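Read the structure below first, then the notes.
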Amino acid sequence: MAELQMLLEEEIPSGKRALIESYQNLTRVADYCENNYIQATDKRKALEETKAYTTQSLASVAYQINALANNVLQLLDIQASQLRRMESSINHISQTVDIHKEKVARREIGILTTNKNTSRTHKIIAPANMERPVRYIRKPIDYTVLDDVGHGVKWLKAKHGNNQPARTGTLSRTNPPTQKPPSPPMSGRGTLGRNTPYKTLEPVKPPTVPNDYMTSPARLGSQHSPGRTASLNQRPRTHSGSSGGSGSRENSGSSSIGIPIAVPTPSPPTIGPENISVPPPSGAPPAPPLAPLLPVSTVIAAPGSAPGSQYGTMTRQISRHNSTTSSTSSGGYRRTPSVTAQFSAQPHVNGGPLYSQNSISIAPPPPPMPQLTPQIPLTGFVARVQENIADSPTPPPPPPPDDIPMFDDSPPPPPPPPVDYEDEEAAVVQYNDPYADGDPAWAPKNYIEKVVAIYDYTKDKDDELSFMEGAIIYVIKKNDDGWYEGVCNRVTGLFPGNYVESIMHYTD
């Protein structure tokens, strides 16, 4: 308030008086400059003096106007703030009056109403009659309720002519063996994990043969009679699992023990005895070696026949070739070989064709039959069951299916890694690792893993390796097409990855 009073009484009036004095001084200075310019002899000097007076006068007037304007603006700001404070006070008084009026109105309204008495009670009220607690009854856990659930192969047993599923428990393994049989790669896969342990299984009764058990006459080379199965089930069998690419081996070994399921072979072509050619597609490693299929007479024995005469010539190598028929016929090759693989159809004992090597014309290979049941290679059974082979009659083979699939022009997928089943000690790979204590001098310093060959392989190209079964190979690179690069006996080259197994699978 004092500042406002000082501006109104002193600053602004003094500024106005200064402006009036400047106006009068400017008039006198103008008269002097005009007379001086007329009377002076040196016109230039008189002009310069006039300019100096003019500049000084303008500066003085401008300063005085600026000071007076600032004082007026400051006065206006002070008055505006006072007005805002007064407005706020008036609003506060108005709100106070409104509140007082509302209180009075409520009081008057309350006089016209009646009082309401409310009883205060607890929100939660305990029940009058307490319920008796129910006694806990423990129910035992039934570990067999989920035995028939899932995609695994169910065991079948023949009882009074009816097929009834037999339940099995969880499998485990106590002492894992350090060797495994060199069964060829299969396309059938199980559903158990890769590291599932196993244990010794109890023998089960032989199953009955379903209607879709065999789908091709060529399969009869791998079929065995239930009599053999019955004799096999008289002793416990130990199965060992492995990790990595042979994980499905464990599942099949645990869910179909003792069931002689044959490996499917390609359906016979309908072109008769004419020569045909199988163009091998490139881009995948070759499957294990292929051997001619055996006729049915060498596999299925008649009742009462001598075991030695029917099974004396069967070896693990022949059963391996029979089980790899589907893999070799449906799998591809990494590159086109210089000499095309050639096959011809020959008459079979049961009317189906056999394949042998001849010079032939071009035709697509037949596709494999649909897999109605999981396939398990039968390897190493013959040495154990020759004495009991004639105990049971041989069931007749079922008729082939009516719906044979058409040929597929798309190239078949490459064969999967080997899927073996450790059923017999006679079918394991006997290998001796001379480098178990330390790597040899020719071994590479940096390698991915050390593997053992489970099949013999002869190179087709100069950049490939040749090795025998049981050879130790150091893998230095794994290609996406299934071929590995490794070192064996100071020789570096390529080899198919499904011909070897990691040594860790044997030592686990």
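Each Cβ is built from the backbone N, Cα and C atoms, and glycine gets one as well.
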Can you tell which of Ser225, Ser392 Swiss-Prot marks as phosphoserine?
Ser225
Which residues does Tyr53 (phosphotyrosine) neighbour through Cβ under 8 Å, counting only same-chain ones at least six apart?
Val29, Tyr32, Cys33
Within 10 Å of the Cβ of Ala2 (N-acetylalanine), how many other Cβ atoms can be counted across all chains shown?
6
Cα distance, Tyr455 (phosphotyrosine) to Ala2 (N-acetylalanine), nearest Å?
113
Looking only at the domain 't-SNARE coiled-coil homology' (45-107), how are its residues distributed among DSSP helix, strand and coil?
63 helix, 0 strand, 0 coil
